[in-house]
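Asks: Pasting a structure here, questions to come.
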Amino acid sequence: MRLNSVALLSLVATALAAKAPFKIDFEVRRGESKDDLSPEDDSNPRFVKRDGSLDMTLTNKQTFYMATLKIGSNEDENRVLVDTGSSDLWVMSHDLKCVSAPNSKRNERSFGHGTGVKLNERELMQKRKNLYQPSRTIETDEEKEASEKIHNKLFGFGSIYSTVYITEGPGAYSTFSPFVGTEGGSGGSGGSNTCTSYGSFNTENSDTFKKNNTNDFEIQYADDTSAIGIWGYDDVTISNVTVKDLSFAIANETSSDVGVLGIGLPGLEVTTQYGYTYQNLPLKLKADGIIAKSLYSLYLNTADAKAGSILFGAIDHAKYQGDLVTVKMMRTYSQISYPVRIQVPVSKIDVESSSGSTTNILSSTTGVVLDTGSTLSYVFSDTLQSLGKALNGQYSNSVGAYVVNCNLADSSRTVDIEFGGNKTIKVPISDLVLQASKSTCILGVMQQSSSSSYMLFGDNILRSAYIVYDLDDYEVSLAQVSYTNKESIEVIGASGITNSSGSGTTSSSGTSTSTSTRHSAGSIISKPVYGLLLSLLISCYVLV
């Protein structure tokens, strides 16, 4: 049921009796390219009010999860990519200059937001080391006084596109962004203003916008796309719920055609190299009392589904089976006492061969970044070769990936990934197979750069897990996903998660049923909570 009454929502918001979760439901749309994806779709987005939750809607394509925001008193509508691998929100200015990204440099790979750092590593680590503990943030009132004097410049924290063609076999690589040469970089228009097709923000028409007295915002991604603009803060509305004075950047020049809503750790904000962090969306939701903890749970749903969700401040027990097991995030740099990326240890990767035998293809415990900004997954060369061998794949120079038997798309075999030594997630091999042509299938796992200190799991692996990201305590909790439309949402208190069990079960056919729910005591608030459900339409692009 769609909520049409703003007055009713206002009354509910005023009557908040406890911290409420903030939920983003995402709708999935698919097409041959981004151009054949109309805002209209045969599936109707759901806007539903629930006690104790605030819903935002996401949509999945190749895999882009796009949220619709309304910014400022003029409520300019912007659709932005939702990304766990980066931490900053930036949108397009209404009068920005669209430029083409350089496409001559093709010796770097696009891994998804939050990866592929090109900035001088030693300098960056020293600047981050000089930060106070993460509790030291620049508060909104300090921003209003413009006390921070920084130059927000960051090179290489990821890429909007994760499409990679390995043209020289394992050990060598080159990149290909789907829009380079035609629309520029990661969707840039090569000079026309089609890069505002997903919305823009006119600061002059907003009575509530305040510009920071700082140097320019500037970010560049590994595929050479970039954005330059200003920093400011304004009210941002998601469905009918408004987050007051949210900090974000407004690009006045970019080679990308869509902005980004980064919800990662504050240590990955572009301002960290200048000595401070600020409250991005998860932190601001907590600071404003909308949620009790900077925590969100991720449910991507099946590869062909039309909906999934990110739930802030709460857990949906219907969306997983068994127990949620908590794993500490890994420190990104030894010189820094806290994590910068959402990176967790993977201790084992078991692959079942066609003969039924199981092989561990991981030589030792390895750090893995969990990144919704990446469609595919990336592992080190030896791991990739072992995976390809176990699946009887053949590396193809012409295709630029491992070619596998298309029968694997219907296989019931799994890749079993052990996180932190105590939680195994079963990933269907069928989810890792991509249909390259009518008769050719490739493996959707690529080689990670040998210069990287971590591997990366994108959506084709993450959708098999129900994942809870705790940004306050630097923890990730995982359970095997249960695909279902049912819900059993509970708010998480300030003390965090204790042992919780899911109410969902998955049958051999992949459908879901519901059993009685066993929830832990402690920090899980089981009493009714009056809150808002924020539904936000997010379009996801599958480019083939």
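Cβ coordinates are placed from backbone N, Cα and C, and glycine is handled just like the others.
Not measured: the values here are computed from a predicted model.
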Asks: Can you sort out which of C98, C406 is the disulfide partner Swiss-Prot gives for C195?
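Replies: Going by Swiss-Prot, C195 is disulfide-bonded to C98.
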Asks: Out of D83, D371, which has the highest number of nearby Cβ atoms, where nearby means within 10 Å of its Cβ, if these are the active-site residues?
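Replies: That would be D371, with the most Cβ atoms nearby.
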Asks: Count, for each of the recorded positions N212, N240, N252, T375, the other C-beta atoms lying within 10 angstroms of its own C-beta, and report the residue with the smallest count.
Replies: N252
Asks: Which recorded positions from the set C98, C195, D371 come within 10 angstroms of G85 (pepstatin A binding site), judged by C-alpha positions?
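Replies: Checking Cα-Cα distances against G85 (pepstatin A binding site), the recorded positions within 10 Å turn out to be D371.
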Asks: If you count, for each of the disulfide-bonded residues C98, C195, C406, C441, the other Cβ atoms lying within 10 Å of its Cβ, which residue has the minimum?
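Replies: Looking at the disulfide-bonded residues C98, C195, C406, C441, the Cβ with the fewest others within 10 Å is that of C406.
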Asks: In whole Å, how far is C195 (disulfide bond) from D83 (active site) when you measure between their Cα atoms?
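Replies: With distance taken Cα to Cα, C195 (disulfide bond) is 19 Å from D83 (active site).
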Asks: Spatially, which candidate from the recorded positions C195, N240, N252, C406 is nearest to T372 (pepstatin A binding site), comparing Cα atoms?
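Replies: The smallest Cα gap between T372 (pepstatin A binding site) and any of the recorded positions is with C195.
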Asks: Can you tell me how spread out the pepstatin A site is, meaning the largest CA to CA distance among D83, T84, G85, D371, T372, G373, S374, T375, in Å?
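Replies: The pepstatin A-binding residues span at most 13 Å between Cα atoms.
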